[in-house]
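Shown next, in structure tokens, is the structure this report addresses.
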Amino acid sequence: MFRLCLFTVLLVAVVVNCLPAKHEAKMGRIALKKGKLDRNALAQIGPHREALKERYSKLRGSGAEPLTNYMDAQYFGEISIGTPAQNFTVIFDTGSSNLWVPSVKCPFFNIACKLHNKYDSKKSSTYKANGRSFAIQYGTGSMTGFLSTDTVTVAGLSAKHQTFAEAIKQPGATFISAKFDGILGMGYASNSVDGVTPVFDNMVAQGAVDEPVFSFYLNRDSDDELGGEILLGGTDPAHYEGEITWVDVNKKAYWQFRVEGMSIDGHVVSVCRLGCQVIADTGTSLITGPSRDIRKINRAIGAEVTLSGEAFVDCARIPDLPKINWVINGKKFTLEGKDYILKIENQGQTVCLSGFEGMDINNGMWILGDVFLGKFYSIYDLGNDRVGFAVSKN
């Protein structure tokens, strides 16, 4: 209710002072860095395939969480932990729910740990000991450590008393070459290992954001320095155009929902005819689906499949490749050849890899990774248990 203004002198100024202060929305922007796919990505396809199978085989929080799934992910952002801030580069992953970073307490012979930023609890005035052991099983070994509690800050927004894992052992040599220090999971709390409350859930509970919503803009323009942006607490119309199409989450562990159908222009392909279950996963680059369906797709786009499972196309054919359409809540989402083909540097040459990979997990589950999410702005509404998509402005 406005205060009654009694003074008539300088009335305009007085009225302005009587107006309530404009509320500024509590949101945080995280600029994403973009890595470059190269020949090393090809070497990761085999482990990546096995790791994804393990990751989604049981669809439960206490299951395996394969690090190799992240090795081809291209998008990284900065967070800080503690007071004063200790900075880390992490993958913001909608396919998991825990935060972990390397610990200064990792053994001296741990090369992977030495090559990354490490959390030191002794340097933080807001640290609180927890000490409970923490472990995630991987196809190449295990990530082990212990839980700690501190303030986690992302884009100026803080989650106080946030429990996270200090990693003292990483799985094999895979982590040595990783471009990131750790992983910040943005999935549901029900998918969290050891029942740890996810960072974003704590931000919502503590009022750090006005809305229980976060959104991803992934920039796939290789000439642009900006890798993309995550907005905590809302959406940014500057990064998308047209209406947002919403679809309800039907299993609150991952951001899982139903796709009504899929088609390929100019081809009669029996794929996802009666609908299929999909998961939006920012922690992986590709689109994965049942092997039989992926073979049909790669055959339709004229890809040549190697014995190890990679599907290559002639880069010169990209403009002529057929459009691939997904139907989500009655709306068609179309990928063109330039969207679903990945250009990779291999021994000084550019090769073109299909963004579709066969993966037989959990009764025909599909995973929509960055190949799809790079074309469409994605919104994750924790309050209403729904996912939204709109065409990205690239």
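Note: Cβ is positioned from N, Cα and C throughout, glycine not excepted.
Source: prediction; values computed, not measured.
Residues or ranges marked as active site by TrEMBL: Asp93 (among others). Other Cβ atoms within 10 Å of the Cβ of Asp93 (active site) number 23 in total over all chains.
According to TrEMBL, the feature active site maps to Asp281 (among others). In three-state terms derived from DSSP, Asp281 (active site) belongs to neither a helical nor a strand segment and is classed as coil.
Under the DSSP three-state reduction, Cys113 (disulfide bond) is assigned to helix. What TrEMBL records for Cys106-Cys113 (among others) is disulfide bond.
Long-range C-beta contacts of Cys315 (disulfide bond), restricted to its own chain and to partners at least six residues apart, with a cutoff below 8 Å, comprise Ile341, Lys343, Thr350, Val351, Cys352. Annotation comment: TrEMBL describes Cys315-Cys352 (among others) as disulfide bond.
Under the heading domain 'Peptidase A1', TrEMBL lists 74-390.
Annotation source TrEMBL lists signal peptide at 1-18.
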Counting every protein chain present, what is the number of Cβ atoms, excluding its own, within 10 Å of the Cβ of Cys352 (disulfide bond)?
20
Among the recorded positions Cys106, Cys113, Asp281, which residue has the largest number of other Cβ atoms within 10 Å of its own Cβ?
Asp281
Near Asp281 (active site) (Cα-Cα within 10 Å), the recorded positions in question, chosen from Asp93, Cys106, Cys113, are Asp93
Reduced to three states, what secondary structure does DSSP give Cys352 (disulfide bond)?
strand
Using C-alpha atoms only, work out the spacing between Cys113 (disulfide bond) and Asp93 (active site) and round it to an integer in Å.
21
